[in-house]
Amino acid sequence: MTEFELPPKYITAANDLRSDTFTTPTAEMMEAALEASIGDAVYGEDVDTVRLEQTVARMAGKEAGLFCVSGTLSNQIAIRTHLMQPPYSILCDYRAHVYTHEAAGLAILSQAMVVPVVPSNGDYLTLEDIKSHYVPDDGDIHGAPTRLISLENTLHGIVYPLEELVRIKAWCMENGLKLHCDGARIWNAAAQSGVPLKQYGEIFDSISICLSKSMGAPIGSVLVGNLKFVKKATHFRKQQGGGIRQSGMMARMALVNINNDWKSQLLYSHSLAHELAEYCEAKGIPLESPADTNFVFINLKAARMDPDVLVKKGLKYNVKLMGGRVSFHYQVTRDTLEKVKLAISEAFDYAKEHPFDCNGPTQIYRSESTEVDVDGNAIREIKTYKY
């Protein structure tokens, strides 16, 4: 019998900077799972799942929560729940996860036209950006009126200024628009800014709150909103195959970090990112965005850096990178930080002698997690990913 082709065994997240999704369950989480409730969550009978939903909803100042297997699912069913009869359009940042990384879900599930907007300040959408791309429901039959604004906090690691969110919310209320937040990393925004989740909840009609990124849970997201909204969203979760039976184990594991000092964990990861950003700036390595939280985005195009070379340099030091997108989480060690500094510095120096042509077909992120030879070159071909 031919053996299955399996990936290498995953050992540790301490050297993995590809994404904050690579956090691994702690011993405390594994122990908690053994004591989890075993009710049927599809019928609303699982105690720990309900406890998780209510806990996150209350933290965000919302009436109800809905546990979903992923942020993609919670985003998509949230937007679908807000929308009624097409034609309509959704307005979001051109880099938004709901637009670029969710397999055309908005077009397929919500039948919506998406209006992607480039922020005029380069970092986040302002009210003026939104107004200039808003499609009014003014009787013009050629357009698809804007019904919903979707904002991401954080996006590219940038914390959305609270005062700008307040301005956008007021305008949405004046114009009868729903405001959704992809809060995959809203925990990071709350920790860094000091703005409580409840205050964000007062601004948005719905928030998708991820549990499996910086928070470290193995799976899941909680969609929060008012009771009527969540009741309807439950139908769409079922329709999309997202109902889970005994989800208590996953819920119990997620509650471990929520009930612990999650802010300190996140701020630790932010401090590593801040230190790397300062190092890059001191070396003259250009960055794409401010390193507000746990991400450092190296401007590979401006630096003429080859992302494959950067990945290989990381592997030389046993650090896993995803191109110029360096993502920190609470399980990354300071030793890894020092190693990634060396990898980036060497890739930058290499680019000075061998500038990379960035004008061909581009990919957003590149990654490889295989072994390397003595020179730091990957043994297997570098794999290219969008996310």
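Using N, Cα and C of the backbone, Cβ positions are placed for all residues, glycine too.
On a predicted model such as this, the values are computed, not experimentally measured, just so you know.
When secondary structure is read from DSSP and collapsed to three states, K213 (N6-(pyridoxal phosphate)lysine) falls in the coil class. For K213, the entry in Swiss-Prot reads N6-(pyridoxal phosphate)lysine, with the evidence type similarity to another entry.
For K228 (ubiquitin cross-link), no same-chain residue 6+ apart in sequence has a C-beta under 8 angstroms from its C-beta. Look at K228 (ubiquitin cross-link): DSSP puts it in a helix. According to Swiss-Prot, the ubiquitin cross-link annotation covers K228.
Per Swiss-Prot, phosphoserine is recorded for S367 (among others), and the stated evidence type is a large-scale study or a structure entry.
Residues or ranges marked as phosphoserine in Swiss-Prot: S369 (among others).
Annotation comment: Swiss-Prot describes T370 as phosphothreonine, evidence class a large-scale study or a structure entry.
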